[in-house]
Amino acid sequence: MSKQYVFSFEEGDGKNKHLLGGKGANLCEMTQFGLNVPPGFVISTEACLEYQDIHALPAGLLDTVRQYVGQLEQKTGKGFGSAAGPLLVSVRSGSAMSMPGMMDTILNLGLNQETLQGLITQSGDERFGYDAYRRFIQLFGKIALGVPDALFDAAFEDIKRQAGVKADVGLNAEHLKEASRRFLDVVREHTGKPFPEDVYTQLEYAVKAVFDSWSGKRAMDYRREFRITPAMANGTAVNIVTMVFGNMGNDCATGVGFTRNPGTGENEMFGEYLVNAQGEDVVAGIRTPKPVLEMQQEMPGLYRQLVELRDKLEGHYQEVQDYEYTIEKGVLYCLQTRNGKMNAAAMVRSSVEMFREGLISKEQALLRVNPDQLEQLLHPGLDPKHKQTPLAQGLPASPGAASGRCVFDADQAVILGRSGTKVILVREETKPEDIHGFFASEGVLTSRGGKTSHAAVVARGMGKACVAGAEGIQVDARARSAKIGDVVLREGDIITIDGSSGNVYLGEIPTIKPEFSQELRTLLDWADETATLKVMANADTPDTARVAQEYGAMGIGLCRTERMFNDVERLPIVVEMILAHNLEERQAALDKLLPIQREDFKEIFAIMAPRPVTVRLLDPPMHEFLPSEHQLEDELRALEQYLLSVRGRTAACNAMRLDNPGGITEDQVAAIIARKNRMLRKVRELYEVNPMLGHRGVRLGITYPEIYDMQIRAILEAVADCQQQGIPVLAEIMVPQVITSQELEFIYRLVNKSQQDIESRLGLKLSFKFGSMVETVRACTRAGELAKIAEFFSFGTNDLTQAAFSFSREDAENKFLPLYTDHGILQDNPFEVLDVKGVGVLMRMAVEQGRETNPGLKVGICGEQGGHPASINFCQKIGINYVSCSAPRVPIARLAAAQAKLKEK
Ligand code: PEP
Ligand code: MG
C-alpha cells in the first residue's frame, strides 16, 4: 500500500479536515496539543473514495488497521479480543462537513462471548457488561448486517413486558443477559449466520458499513439539500477510538459543555453532566442531567480538571467550543469538540470579551460574527416558543414581527392608530398616497408586489415589518375584508405578520424585543475603524434621517424626494401640479411646494451635518401620485348615487319649504365629481403599458423642467441657509434614470442657473456636488462620458437588475423567481443579492470607465443589494466608495464592510 490511509491521533494533521474529516482532524489536534483523548486512529476519506470506486477495501488496508490496533493495545495495556482486559472501540463516521446523524457509528465493538466476561470481571458489574453487549449486538446488527431495528425492538419490548417494567433502567443483569441471547437469535434468523465472534471481522464489517453510509440515501439527500459539493466534502473518514465508560460506577460520568454560555455569551462554565451514565442516556433524556456547577460539590477535583479542559480548548481553538467528555474511574477524557453555535447576542458579546481577554485579535473578533445574524438583534422577533401554523405566506420583505388589528385603508389606520390601537395595514399593494397609513401601523401586509415594491422599500426604510406579495390573500378594500382560503379577515381582526419569514398568522403571537447592547456598539465601532467602504442610509424624511443616525449611518446615500410629497397636506398640492392645464397653473403649485421641500432639506442636512446627504430629483412616474383608474371609477359611481340622493333631499326640502341646514349641497357634490373626473382623465392620459420603463426619472425633468428647477432651488436654498448658520453641510444633487451625458448637461444647466441666482443674491459660494444615478444599462456603457459632468455615481441596482435581467421588479419575485432559485437556475434572488456575474460586470465596467475620465469619481450603490454582505464584498472588490441601504440594515452593512476589507488582505 503506497498511499498512507491510516493515521494515529498523534500523526494526523489536525488542519486537514478534507483528508481526516472534521471529527478525526479534531481528535488528532486535541491529542497533539496535550488533551486527554482516548487513544485512536483515523482511516482517511481517500480510503473511502477508493472503496466506493473499487467496491472493496484498498489492498493492505486491513493489515495496516491491525498494526494500528496493536498500537492501541500497547497504549491502553488492553487486548483486542482478549478476555483479560478487553479493548473495546467505537467506530465513528466523520466527513469534512458536519452532517449530523446522516452517517453511522458503532459503539462497544470488540465484544463477544469471551471479551464480555473480561469486561464483567474488569468492571465488577455484570449488568453493565450485558447492557453494553446487547446495545452492541443491536447497533452492529442494524448497521453492519442490515437487520431491521424493529426486530430487536420487538424482542426487547417482550422482555420488558415479561419483567413488568417500562424503562430500560428497570431491567436487571438477568433480563439484559436474556436480551443479548434473543438479539443473537434475531441476527442468526435474519442473516442465516451466527453473529461474528471474531473481533477483526467485526472491525472489517464496521469500517465497510461506515463507508457505505456515505453513499446511503440519507446522506446523499442531505448533501443535495445543503448543497455540499465534492469540493467541500468528499467521502467520510472512519475514526476508531478506544471506548471509555462513564457508567462503570460513581467515579464515572458523562457530560456536554460549551466553553461560554451560548445564550448570552457570558464567560462562565456551561453544560450538564450525569454521574454513572453513558452519553446516550443524556441525549435520550432517560435521566435528567445536572448543571455542571453542581460538579464543583460532587466531584471537586474533576470539576477543576474540567475548567482546565475548557480553558485549553478555547485557548487553542480561539473560538467558543461545544465539547463532550467522559469520566472513567476518576479520569477525564475529551471525546469531541467543535465550534459552538450561538445566537447573535452571544456571538457579539463573546467576540468583544475574547478580544479583551487577549484570546483573539480585533480582526478575529470582527470576522467571527456573521453580519446577517445581527438581524436578530435589530428587530422584534416572534417568540420562538409559539406553536401557531401560518395562515398564509408571502415574501419576507422587511424584517421584524408585529401584531395588530387589520385595517384596509391608510385613513382608517391613522384613525385607529391615533386612538392607540395597534394596526396592520392590509392592502393589495401600496402607493405613495398610503404613506400616512405606514406611519400609523405596526406593519404592512400586501397581496401583490415584490421585495422592491413600494410597500417593501418604504417599510424597510422605516424599520417596520412587512410581508409583501402574499398571493394567497384576496384583499377587498371596499368590503374591508380579506379572504384566505375559507378564512375571512374583517376590519378589527387581529393578525401577526413576520417580516423575517414572510408568515402571516391569525391572532396575536408574543414578540421578543430587540436590544442594541454596549458590546454591539463596541464591535461596530471597531468595524468602522477597519472598513474603507462607508455605510450610508437610504432615508427620505427628517424622522428617518434620525433613525439612520442612531444606526450609525455615515451619511444619506439616497434621499428619494418624492417621499416628501407623501403627506396628507402635501399630496393635494402635488395633485394640483399634475392636473395643471398649463405652465402657469403648474408653477403656482410648485411655488407652494418649494418652501416645504426647502425646510425638509434644511432639517435633514442639519441632522446629518457634517455628513453627506445625496438628494435624488423626482423619479417615479406621475400617475403614482394619483389614485388608480379603478378606484376613481368606483368613487365616481358612488358620488353619482350620492348626488341623486342629495337632489332628492333638496327637492323634498323645497316641496316642504324647509331649509337644508348643514347638509352638503348639490353644487358641492357636483364640484367634487368634476375634480374626480379631471383626475380620471389625467390618469387615463398618463397610462403607460410599462410605467417602470416609461415617463419617469430624468425624462420628467426634461419634459417638465420647472419641476426639477423647483427641487434644485429648494436644495440649494437649504444649503445656503445652512452655510449662513455655520452648519457644515455636504449636499449632493443626483439625477435618476440617466442614459446619456446630454441629459446630465441639460439638468446641470438648471443647477447652474439656480446656483448663480442664489450666489449673487446672497453673496456666498455654494458648496455641493452634482452626480448621476447609474441604473440603466446604457449609463454603464457610457460611464466615461457621464463622468465628465458627474462628480459621483450611485448604482441604482434595483433598476439596473430589472434592466439586465428583463425582469419586472414588481412582479418577478412572486411569479417565477422562487422557482428559479428552487431549481437552482439562479442561485439567489438578484433583487436581494447582487448578481455579480451579470449586473456586476456592468458595474465594474462603469467604475473603470468613469474613473478613466474622472479619477476622483466617488462611486456608491443605493439599491437594496447595498445592505447585503456578499454584495458588499463585491463592492469592495471593484473599488466602490460607499454603500447605502435602509437604516435598520446599516449595522449589518458596517460589519460586512469591515469583513470585506479584512478578507481583501
Ligand atoms: C434603484 O433603482 O436601485 C434605486 C435605488 O432607485 P429606486 O428603487 O427608487 O428606483
Ligand atoms: Mg431606480
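Even glycines carry a Cβ here, placed using N, Cα and C.
Just so you know, TrEMBL annotations never went through curation; they're auto-generated.
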Residue in ARG560, ARG563, ARG675 which TrEMBL records at the substrate site where ARG616, GLU775, GLY796, THR797, ASN798, ASP799 also bind: ARG560
For the domain 'PEP-utilising enzyme mobile' (422-502), residues assigned helix / strand / coil by DSSP: 18 helix, 30 strand, 33 coil
Separation of alpha carbons, HIS454 (active site, tele-phosphohistidine intermediate) and ASP799 (substrate binding site) (Å): 13
Same-chain residues near the domain 'Pyruvate phosphate dikinase AMP/ATP-binding' (18-52), Cβ under 8 Å, at least 6 residues beyond its ends: 3-12, 58, 61, 65, 68, 71-72, 75-76, 89, 92-98, 207-208, 211, 214-215, 233-244, 309, 312-313, 316, 331-338
Protein Cβ atoms within 10 Å of GLY796 (substrate binding site), excluding its own: 28
Close-lying recorded positions around ligand 2 among HIS454, ARG560, ARG616, GLU775, GLY796, ASP799, where CB distance stays under 6 Å: GLU775, GLY796, ASP799
Least Cβ-crowded entry, counting other Cβ within 10 Å, from the binding-site residues listed as THR797, ASN798: ASN798
Environment of ARG560, ARG616, GLU775, GLY796, THR797, ASN798, ASP799, the listed substrate site - residues of the same chain whose CB lies within 8 A of the CB centroid: LEU558, ASP619, PRO736, MET773, SER794, PHE795, LEU800, CYS862, GLY863
Among HIS454, ARG616, GLY796, THR797, ASP799, the recorded positions whose C-beta sits under 6 Å from ligand 1: GLY796, THR797, ASP799
Cβ neighbours within the same chain of ARG560 (substrate binding site) - under 8 Å, at least six residues apart: ASN538, ASP540, ARG616, ASP619
Mean predicted confidence [pLDDT] for the domain 'PEP-utilising enzyme C-terminal' (517-901): 94
